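Annotated in TrEMBL:
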- B:25-139: domain 'PurM-like N-terminal' (DOMAIN)
- B:Asp26, B:Asp71, B:Asp208: Mg(2+) 3 binding site (BINDING)
- B:Asp26, B:Ser41, B:Asp71: Mg(2+) 4 binding site (BINDING)
- B:Ser42, B:Asp43, B:Asp121: Mg(2+) 1 binding site (BINDING)
- B:Asp43, B:Asp71: Mg(2+) 2 binding site (BINDING)
- B:His50, B:Asp257, B:Trp313: substrate binding site (BINDING)
- B:Gly120, B:Asp121, B:Arg147, B:Ser210: ATP binding site (BINDING)
- B:151-298: domain 'PurM-like C-terminal' (DOMAIN)
- B:Asp211: Mg(2+) 5 binding site (BINDING)
2 protein chains.
Amino acid sequence: MVGEFDFIARHFRPLAGEGAMELRNDGATMSLPEGEELVLSSDTMVEGLHFLPDDPARTVAQKLLRCNLSDLAAMGSSPRHYMLNVSVPVGRHYDEAWFAEFAAGLAEDQERFGITLLGGDTTGSPSPLMLNVTILGAVRRGETLRRDGGRPGDGVWVTGTLGRAALGLQVRLGKIDASPDGILVQSYRIPSPRVGLSLYGIVSAAMDISDGLVQDCGHIAEESGTAITLFEEALPLSAEVKAYLPDWRETILLGGDDYELLLTCPVEQEEALQTHCRAHAVPVTKIGKVTEGQGVTMLDKNHEPIRFTRTGWQHF
Amino acid sequence: MVGEFDFIARHFRPLAGEGAMELRNDGATMSLPEGEELVLSSDTMVEGLHFLPDDPARTVAQKLLRCNLSDLAAMGSSPRHYMLNVSVPVGRHYDEAWFAEFAAGLAEDQERFGITLLGGDTTGSPSPLMLNVTILGAVRRGETLRRDGGRPGDGVWVTGTLGRAALGLQVRLGKIDASPDGILVQSYRIPSPRVGLSLYGIVSAAMDISDGLVQDCGHIAEESGTAITLFEEALPLSAEVKAYLPDWRETILLGGDDYELLLTCPVEQEEALQTHCRAHAVPVTKIGKVTEGQGVTMLDKNHEPIRFTRTGWQHF
């Protein structure tokens with residue numbers, strides 16, 4: 001028939017799993033085991049804003065899935081399926097070869113994370129390339145992690161390390177020199193969502209860091225009706241990130257795209273948190289505390305509040 | 001905080017329903033009653049392709065929901081919730097007032113169709129305005145309507161009437177004069193999805209007409225492994241559409257955006273189909289038959305095959 005249908009058949013039909021009816025219908029179906037509820041999240045990536053036009057198609061695909069997988073991880077949900085919406089600019093370099101690589105990247109991560117394509121929509125459009133995923137996961141009913149459970153006295157914790165992806169973007173923009181091992185750019189291009197942890201009953205609030213540590217702490221503080229104090233000295237920074245201090249301090253402290261989990265945890269659950277994360281080989285570090293009040297403060301090594309020129313990623 | 005969060009709070013938080021957690025989390029949750037499965041469909045609308053920049057914000061919102069509702073209707077599913085993704089071009093006329101009207105249109109149709117907003121994503125972007133909905137419905141497990149069940153001997157049926165929306169687009173493009181009552185433009189702007197019918201066990205295949213009658217019959221024929229013959233004389237055309245014959249014949253016969261249901265029905269179920277549709281005040285008309293073979297043929301009043309210059313809406 002016409003272009004859309006061939007295009008979908010070539011690139012996306014091989015990715016379709018149970019319930020997708022081979023992408024041959026108006027939609028798709030999905031069942032849930034008894035006692036579970038559905039968790040949904042959606043993220044759009046726009047060329048030039050969330051990825052660069054010359055990023056490899058394979059990593060663009062994987063970043064798209066992983067940003068969404070990270071949202072599920074933040075809600076304590078196991079990923080199952082995703083809907084994919086693609087708006088393809090006509091007459092650009094997003095050609096057959098590009099989409100074959102894009103589909104290969106999706107296929108790799110489907111395998112890695114145990115998910116399948118369920119359905120979606122493909123349309124032509126003027127530039128830029130726009131990619132959207134709505135991801136679907138499952139969780140035991142009532143066991144979804146939320147942002148609003150932080151209580152004064154809780155510790156603030158973060159998985160992994162911070163700042164690599166933000167520096168990686170600066171490398172891509174030609175503003176700083178690349179690290180020889182390419183780890184910064186790779187962190188920018190392919191996040192590692194923290195799926196697979198089971199933190200319900202341990203942590204009091206959770207979200208993933210996409211817009212930057214301070215701004216995302218602000219969300220937990222606001223939704224929880226509390227303040228958050230962070231300690232710069234406590235932040236987990238890897239050696240290749242520390243190498244860019246002090247010049248790129250603000251980029252490192254505020255930069256987004258980490259896709260690590262930001263958690264608040266009652267003191268009596270700290271040991272359980274550390275034990276659980278160790279069992280899953282996920283580093284976790286205490287970086288601050290929840291207090292009465294509002295807003296987010298980061299204290300430097302002299303316990304002076306740091307004044308930033310901005311808070312984090314601006315969407316508009 | 002930053003623009004995105006205020007924007008979402010102002011316009012979209014009032015639309016959020018159960019499971020959306022007031023759009024304050026990384027995602028949303030949804031439960032399903034026992035014995036039901038989820039049905040999902042997703043449609044993107046691009047300014048200039050699927051709506052015009054000066055279409056009223058309210059009707060743009062309603063068309064967005066209704067295209068998706070129509071997909072659920074075609075699968076025999078009751079609508080429950082939707083995820084909304086919006087990419088807002090900076091510096092255009094899509095301002096606060098526009099989005100207030102857009103949200104009012106969504107609110108009206110939420111009420112009308114019994115659905116609520118579950119979550120989504122808002123981002124800035126270069127032009128054009130891009131709108132995407134993933135809609136979520138429920139159906140008794142195993143009772144989803146599909147496109148692949150048409151069998152030789154079945155009749156081909158369509159709800160409502162055809163051609164108004166396609167002519168409405170031509171009015172909007174200034175190519176034909178408007179009908180005095182505005183019904184053509186209104187049909188283009190605000191489709192009437194056929195939700196609420198229960199056709200499982202009656203029809204053998206179903207889909208909605210979005211790309212045009214002939215092209216969409218082609219999908220049922222292809223998925224069912226059959227041919228379809230349509231009779232021009234049998235097509236339900238309203239008086240205001242007939243007024244544009246014969247000049248706009250191809251537009252009327254091939255035009256998309258009808259969002260009526262296209263059904264195949266075994267002869268022994270014809271009475272059940274008509275009775276059920278009559279009970280729901282939905283007109284339904286037999287317009288053709290499923291036969292052995294492949295492809296779609298439309299016969300004119302002399303039973304000669306009509307040769308079209310194209311098949312329907314081209315997505316790319």
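Every residue gets a Cβ built from N, Cα and C, even glycine.
TrEMBL does not curate its annotations; it predicts them automatically.
On a predicted model such as this, the values are computed, not experimentally measured, just so you know.
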- Tell me which residues of the chain lie with their Cβ under 8 angstroms from that of B:Asp71 (Mg(2+) 3 binding site), as long as they are six or more apart in sequence? B:Ser41, B:Asp43, B:Ile135, B:Asp208
- Note on the structure: Here the Cα-Cα span from B:Ser42 (Mg(2+) 1 binding site) to B:Gly120 (ATP binding site), rounded to a whole number of angstrom, reaches 12
- argmin Cα dist to B:His50 (substrate binding site) over the binding-site residues B:Asp26, B:Asp121, B:Arg147 returns B:Asp121
- Item | B:Asp257 (substrate binding site): nearby binding-site residues from B:Asp26, B:Gly120, B:Asp121, B:Arg147, Cα cut-off 10 Å | none
- Query: How far is it from B:Asp211 (Mg(2+) 5 binding site) to B:Gly120 (ATP binding site), counting Cα to Cα, in Å?
  - Reply: 26
- Under 8 Å Cβ-Cβ from B:Asp121 (Mg(2+) 1 binding site), six or more apart in the same chain: what's there? B:Asn85, B:Val86
- Stretch-averaged pLDDT - the domain 'PurM-like N-terminal' (B:25-139): 94
- Message: Going by Cβ pairs closer than 8 Å, show me which of the binding-site residues B:Ser41, B:Gly120, B:Asp121, B:Asp208, B:Asp257 neighbour chain A.
- Response: B:Ser41, B:Gly120, B:Asp121, B:Asp208
- In whole Å, could you give the widest CA to CA gap in the ATP site formed by B:Gly120, B:Asp121, B:Arg147, B:Ser210? 31
- B:Gly120 (ATP binding site) to B:Asp26 (Mg(2+) 3 binding site): how many Å between their Cα atoms? 9
- Query: Per DSSP, what is the residue count of the domain 'PurM-like C-terminal' (B:151-298) in each of helix, strand and coil?
  - Reply: 54 helix, 31 strand, 63 coil
- Message: Give me the count of other Cβ atoms within 10 A of the Cβ belonging to B:Asp257 (substrate binding site).
- Response: 22
- Same-chain residues six or more away whose CB lies under 8 A from the CB of B:Asp26 (Mg(2+) 3 binding site)? none
- Message: Through the lens of DSSP with three states only, how would you label B:Asp71 (Mg(2+) 3 binding site)?
- Response: helix
- Task: Among all chains shown, work out which of the binding-site residues B:Ser41, B:Ser42 has the most CB atoms within 10 A of its CB.
- Result: B:Ser41
